[in-house]
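As written in TrEMBL, here are the features:
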- 68-91: transmembrane segment (TRANSMEM)
- 103-126: transmembrane segment (TRANSMEM)
- 146-172: transmembrane segment (TRANSMEM)
- 193-212: transmembrane segment (TRANSMEM)
- 218-238: transmembrane segment (TRANSMEM)
- 323-344: transmembrane segment (TRANSMEM)
- 364-385: transmembrane segment (TRANSMEM)
- 406-426: transmembrane segment (TRANSMEM)
- 446-467: transmembrane segment (TRANSMEM)
- 479-504: transmembrane segment (TRANSMEM)
- 524-542: transmembrane segment (TRANSMEM)
Amino acid sequence: MEGDSNQQKSRIDAEIRTKLLIHNPHDHKGGMITMPFIIVNEAFERVATYGLMPNMIFYLIQVYHMDVVTGTTVLSIWSALSNGLAIFGAFISDSYLGRFRVIAIGSLSTLLGMVFLLLTSVVPQLTPSSCHETETDCNPPKPTQLAFLFSCFVLLSIGSGCIRPCSIAFGADQLKHHPTRNNQRLIDSYFNWYYASVAVSSVVALTIMVYIQEILGWKVVFAVTVLIMVCSALMFLLGSSLYVKVKVNESVFSGLIQVLIVAFKNRTIHLLPDDSYNHSNDINQAVLTDKLRFLNKACVVRNLNHNSSQVSTVENVESLKSVIWILPLWSTGILLFMTISQGFPTLQAKTMNRYVTSWFEIPAASFSLFMVLTLTIWIAFYDCVLVPFLAKYTREPRGFNPKTRMGIGLVISIGAMIVSAIVEAIRRDLASTNETVDMSAMWLVPQYALLGLAEAFNAIGQMEFYYSELPKSMSSIAIAMFMVSMAISGLVGSFLINIVDWVTTREGNISWLSSDINVGHVDYYYWLLSFLNLLNFFYYLICCRVHRSFSSPRE
């Protein structure tokens, strides 16, 4: 009897120890209750930053006395920095700090950047003195004033780079690790709400925020953005006790970088037929291929007592090869993003008749809304109407093959630039220096709509292409490549604008991109972009042919 009692007690103790060992600290955290905190955080950040970007060119021209080329260059670099730092934010969150801390740091950084911008409109010493109406040459900004302004942009870029790549993954963490049935259904619902919030925040930014600036001025709109970011940061931090905070792990980026380092160290090694290679412990192990064979040196094992930090895995090697093989096709999207992000249509709209009724005038910066609306409407129409119809004939579950969609987007971008050039040529012929043109700004809508279509086809096609070509474990790389292409497009756009300005002002000529667009030739610049986009399309066809010839049969 006593023996049975002891056995029962031992069994109970074992069960208790087992429960303690397998206890998941996330059991009572996460779930849909955390979604408002996460979604509102990023939505408010987008409203604040997106609401500033369209009109910021006017702030740089009117307040900091920059010319169009300099102002556009500054904004292009700001955009490039914001997108480029997203890669850094994703890497830091995956490998060191975790997503919660990185998003919190990003929220506070964006808030601080907004406060600094507000100070530039309130403290006179932070901006150059105002120009008199009779002055042709305004006082340029001092180095300290520019340093303070650029620090605002850097802080905003750090905030965007921390919040945007981590927010969607942090939200998914709350559902993946929550003990609820049908987690996948909840995750799908979360993605729908997430992208809906992105669309709504973009619309609010391009309408309400831009209108506030037009009517109430810079001080008010900067103050509103500060209040929005205070709400954004507080909302996120208030949910801290509810969040699932997944421990950091080795980042995918680290594995790819290790392949390059080890392959370079082993560059003198000659691969032999009987070599053995280091595999990961995953159930689905990759097969080592002979493509880019020099990278195989990173995972070759010549010593049984090898150090894992000195030898990569076959899986990481093959993942890096997948990335390298799609780089040529990836590079074709850079010029498209540069074309879409042009700021000159906003300057055109500023000189045109923007009245829709006798009492309502559309702000110049709000015309970007037509691009967003076109993109949103087309995506819904394509998914709900065209995909079921096209799938019957193309035998593709998504209607068109991703590469076909990318190509269509490039062709549409050529048409968009041709339309832009024609409309600008007509507008310029009707213009006189620094006066409003007797031409409706609604003539700019077709080019915005075409650019929205180009982005809908090409950008989404790119994402689907990356996900189809890369291993499932590298989904974060797909987002990273997308962000890097947008970052590089900002730098390329800045470089091209400065080259065009330098070439066209030689021998005392007026620049195509003059601050007074009525005496410049933005239409010539659009024709140049249409030609470059045409060359880019031919380059894309070559890349498609090369990719097809080197793809494996399963692809």
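Cβ atoms are placed via backbone N, Cα and C, with glycine included.
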Spatial neighbours of the transmembrane segment (524-542) far in sequence, C-beta under 8 Å, 6+ residues away: 329, 332, 335-336, 339, 342, 344, 406-407, 410-411, 413-414, 417-418, 420-421, 424, 500, 512-513
Winner by Cβ pairs under 8 Å against the transmembrane segment (323-344), considering only 193-212, 218-238, 364-385, 446-467: 446-467
Whether the transmembrane segment (146-172) meets the transmembrane segment (364-385): three or more C-beta pairs under 8 angstroms: no
For the transmembrane segment (103-126), sequence-distant contacts whose Cβ falls under 8 Å of one of its Cβ atoms, 6 or more beyond its ends: 41, 45, 48-49, 52, 63, 89, 93, 97, 145, 148-149, 151-156, 158-163, 166-167, 170, 218-219, 222-223, 225-226, 229-230, 232-233, 236-237
Outside the transmembrane segment (446-467), six or more residues from its ends: residues with CB under 8 Å to it: 326, 329-330, 333, 336-337, 339-340, 345, 367-368, 370-375, 378-379, 382, 398, 400, 402-406, 408-410, 412-413, 415-417, 419-420, 423, 475, 477-478, 481-482, 485
